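J.: What Swiss-Prot records for this protein is below:
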type	residues	note
DISULFID	Cys19-Cys70	disulfide bond
DISULFID	Cys20-Cys35	disulfide bond
DISULFID	Cys23-Cys66	disulfide bond
DISULFID	Cys25-Cys33	disulfide bond
DISULFID	Cys41-Cys47	disulfide bond
DISULFID	Cys44-Cys59	disulfide bond
DISULFID	Cys49-Cys57	disulfide bond
Amino acid sequence: SGHHHHDSSDEPSESSKACCDHCACTKSIPPQCRCALRLNCNHCRSCICTFSIPAQCVCTDTNDFCYEPCKSGHDDDDSG
């Protein structure tokens, strides 16, 4: 089992800018926004990752805004 899992060629360097696919904000003022699901913890001060394969990382940082989604602009539908 080789540990070569570097498929980051087709997406713009994820490490260079913070992004978030699932962001949840509270209704308080100011809002408290958390990124619900991330594949890594690049722009995250406090991060919790599961031990599953692949690991799912939850960023527990709280901001008053949401980063833009990590997914690139094109729709990719997995419906088949």
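Note that Cβ sites are derived from N, Cα and C of the backbone, with glycine treated the same way.
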J.: Let me know the most crowded of the disulfide-bonded residues, choosing from Cys19, Cys20, Cys57, Cys59, Cys66 and counting other Cβ atoms within 10 Å.
T.: Cys59
J.: Which one is it: of the disulfide-bonded residues Cys33, Cys49, Cys57, Cys59, Cys66, whose Cα lies the shortest distance from the Cα of Cys20 (disulfide bond)?
T.: Cys66
J.: Should any of the disulfide-bonded residues Cys19, Cys47, Cys49, Cys70 have a Cα within 10 Å of the Cα of Cys59 (disulfide bond), which are they?
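T.: Among Cys19, Cys47, Cys49, Cys70, the ones whose Cα sits within 10 Å of that of Cys59 (disulfide bond) are Cys47, Cys49.
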J.: Relative to the Cα of Cys35 (disulfide bond), which of the disulfide-bonded residues Cys23, Cys25, Cys41, Cys70 has the closest Cα?
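T.: When the Cα distances are compared, Cys23 comes out closest.
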J.: Cys23 (disulfide bond) has how many other Cβ neighbours within 10 Å of its own Cβ?
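T.: Excluding its own Cβ, the number within 10 Å is 18.
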J.: I need the CA-to-CA distance for Cys49 (disulfide bond) versus Cys41 (disulfide bond), whole Å please.
T.: 9
